[in-house]
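Taken straight from TrEMBL:
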type	residues	note
ACT_SITE	HIS169	active site
BINDING	ASP173, ARG174, ASN175, GLY176, ARG177, THR178, ALA179, ARG180	ATP binding site
DOMAIN	91-227	domain 'Fido'
DOMAIN	257-327	domain 'HTH merR-type'
SITE	GLU40	site 'Important for autoinhibition of adenylyltransferase activity'
Amino acid sequence: MLLTEKKKKLDRFRPLPVELVKNLDDWFRIELTYSSNAIEGNTLTRFETALVVEKGLTVNGKTLKEHLEAINHAGALDFIKELVKKKRPEITEKNVLDIHAGILRKIDDANVGRYRNVGVRIAGVPVALPNPLKVPDLMRKFYQWLHNKNPDHPVKIGADAHLRFVTIHPFADRNGRTARLLLNLLLLQQGYPPALIRKEERRNYINAVGKAQLEGDTKDYYEVIYKAVDRSFNIYLEALNPQSDRGEKIMSGEKQLLRIGELAQETREPVPTIRHWTEVGVLEVKEFTDKGYQLYSRLMIEKVKEIRKLQQEEYLPLEEIRKRLIA
């Protein structure tokens with residue numbers, strides 16, 4: 001199904017239920033933050049990203065910079081959603097500088113919201129980026145192009161804006177994250193869901209951008225962006241079907257409580273293992289039923305997987321894992 005057809009299908013459900021919109025916003029806030037940062041090398045897992053952003057917790061073994069990247073990106077997403085609510089279609093230079101400032105704040109305050117005055121390069125892509133002296137004029141022309149009436153499909157406009165932006169590379173750092181936020185701002189303004197580029201697609205994404213920059217061949221690049229938007233459409237449409245696994249999770253805000261057997265089934269771990277991990281304090285019980293049965297948050301699914309990963313890859317004892325997960 002084409003993206004336009006999927007948008008029409010989604011539009012037939014509008015206005016979407018308030019609870020569904022909130023749960024989708026919360027889900028995408030974590031997913032986009034995790035994915036965009038992971039593409040740039042941040043090692044926080046999705047579960048850890050949620051803990052940092054939603055709970056304000058510190059993850060042992062991860063750097064302050066990685067924590068700030070998660071907090072800042074989530075804040076930048078909140079900022080672009082506020083811009084969308086204002087219904088001002090023209091994106092200004094100040095908007096973009098504010099987005100960049102938001103994701104770089106407390107990491108490199110000297111360069112927040114400022115165009116670069118040094119030469120830069122893209123790791124893994126042998127493309128020559130513009131001289132820093134040319135950046136202000138190139139960005140002026142970028143905004144002129146952005147503000148011109150364009151008959152192209154909204155997803156193509158967003159993709160082109162992203163590509164033009166990263167080709168100018170106006171900042172000393174955080175160009176990729178800013179470009180993806182700009183892309184999603186443009187999509188959200190036109191009633192499209194955000195483009196969700198997965199961490200696993202990092203190499204294809206970078207290669208496609210490089211191919212478009214070096215050879216002018218945008219076929220692979222457009223395919224990456226269209227696939228990312230299509231993925232988000234599917235998430236929205238599945239969420240409207242509460243009978244689907246994803247719909248059930250999103251409609252419940254991914255906070256549906258699980259009994260110990262259900263948690264074991266979801267994670268493919270034996271019930272005695274879940275019980276033992278709970279007893280030693282690496283898993284937390286959310287609440288108890290009237291009959292005393294333990295109930296777990298769905299967040300524990302990712303935590304169980306993380307515990308098993310630490311055991312298998314780093315051979316850590318449970319006490320060390322408990323310290324590692326949350327300081």
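Positions of Cβ are set from backbone N, Cα and C atoms, glycine also.
Mapped onto this structure are the features recorded in TrEMBL.
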residue: GLU40; record: site 'Important for autoinhibition of adenylyltransferase activity'; contacts (Cβ under 8 Å, 6+ apart): GLU69, GLY176, ARG177
residue: HIS169; record: active site; contacts (Cβ under 8 Å, 6+ apart): ARG116, VAL120, ILE122, LEU129, PRO130, ASN175
residue: ASP173; record: ATP binding site; contacts (Cβ under 8 Å, 6+ apart): LEU104, ASP108, ASN111
residue: ARG174; record: ATP binding site; contacts (Cβ under 8 Å, 6+ apart): HIS100, ILE103, LEU104
residue: THR178; record: ATP binding site; contacts (Cβ under 8 Å, 6+ apart): VAL96, ILE99, HIS100, ILE103, PHE165, PHE171
residue: ALA179; record: ATP binding site; contacts (Cβ under 8 Å, 6+ apart): ALA161, HIS162, PHE165, VAL166
residue: ARG180; record: ATP binding site; contacts (Cβ under 8 Å, 6+ apart): LEU32, SER36, HIS162, ALA195, ILE197
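The local packing around GLY176 (ATP binding site), expressed as other Cβ atoms within 10 Å of its Cβ over all shown chains, amounts to 20.
Mean predicted confidence for the domain 'HTH merR-type' (257-327): the pLDDT average there is 87. With the fewest other C-beta atoms within 10 Å around its C-beta, ASN175 stands out among the binding-site residues ASN175, ARG177. In the domain 'Fido' (91-227), the DSSP tally of helix, strand and coil residues is 87 helix, 2 strand, 48 coil. Taken residue by residue, the domain 'HTH merR-type' (257-327) breaks down under DSSP into 41 helix, 7 strand, 23 coil. Same-chain residues with CB within 8 A of the center of the ASP173, ARG174, ASN175, GLY176, ARG177, THR178, ALA179, ARG180 CB atoms, the ATP site residues themselves not counted, are GLU40, HIS100, ILE103, VAL166, PHE171, LEU181.
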